[in-house]
């Protein structure tokens, strides 16, 4: 068997040594030494890392497609995505400037790009901004300026400041998930939150704890993944508990589970916005001419 493995074509040998190094390639591939525990752990870490990077490049695509297909970002927290994007960006810059292997952080680069797109879509599809085009454009401009400023800060800050920013990703990870968790709990629904994205993040964090411990050994990075694992697990439990439930993003009315008030029985004068518009509730007695009652859909 070793006579075959030692005579693999040059391109296979070069690919193997570039991934796991010459020593481990010789031990595991050419000599087939399966008792080399260190090289086995290192090779497993590399394989997991490459898989996570590839998975991270498409992890948020279902969430993007879900928002674009439904033309709604209902149930997604804008503040949660802003903070999460900031944490991903800092981690990417910290790992890159410390020259860590790309397989240990590459997915954060792709997740940062995807999160930026989702953040802009949340702003674009926010119900309160749909009819206020000028206000929506202002929000998009502020988000773009914030993105540019963030890139400049993480790319050109001294390493001491960048290490402090990496430490700050621990509370950032906490605060980025808490708004989404609270919003899910408040409405008893996860809205347009993608189950694929949450599940992939849980699996990715588990694998990242192993790859970081094997290849990097930086406790700051490991602590960030451990905290993210716990918070993503809470989101996973909420997805399971609230699966199939939906809510009206205007007043929190559930639409499909029959509990509480439905969209069909929703009366416009029962909302505070009806009174704020200066319209009195309808009079039920006397010879008062009744107009046509508007449905909930007409108020959107």
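Note that the numbers count up from 1, one per residue, in the order the chain is shown.
Cβ from N, Cα, C; glycine included.
Check TrEMBL against the ranges 109-129, 172-192, 193-213, 256-276 and you find transmembrane segment recorded for 109-129.
Sequence-distant contacts of the transmembrane segment (78-97) (same chain, six or more residues past either end, CB-CB distance under 8 Å): 104-105, 108-109, 111-112, 115-116, 118-119, 122-123, 126, 146, 150-151, 154-155, 159, 162-163, 165-166, 168-169, 172-173, 175-180, 183, 220-221, 224.
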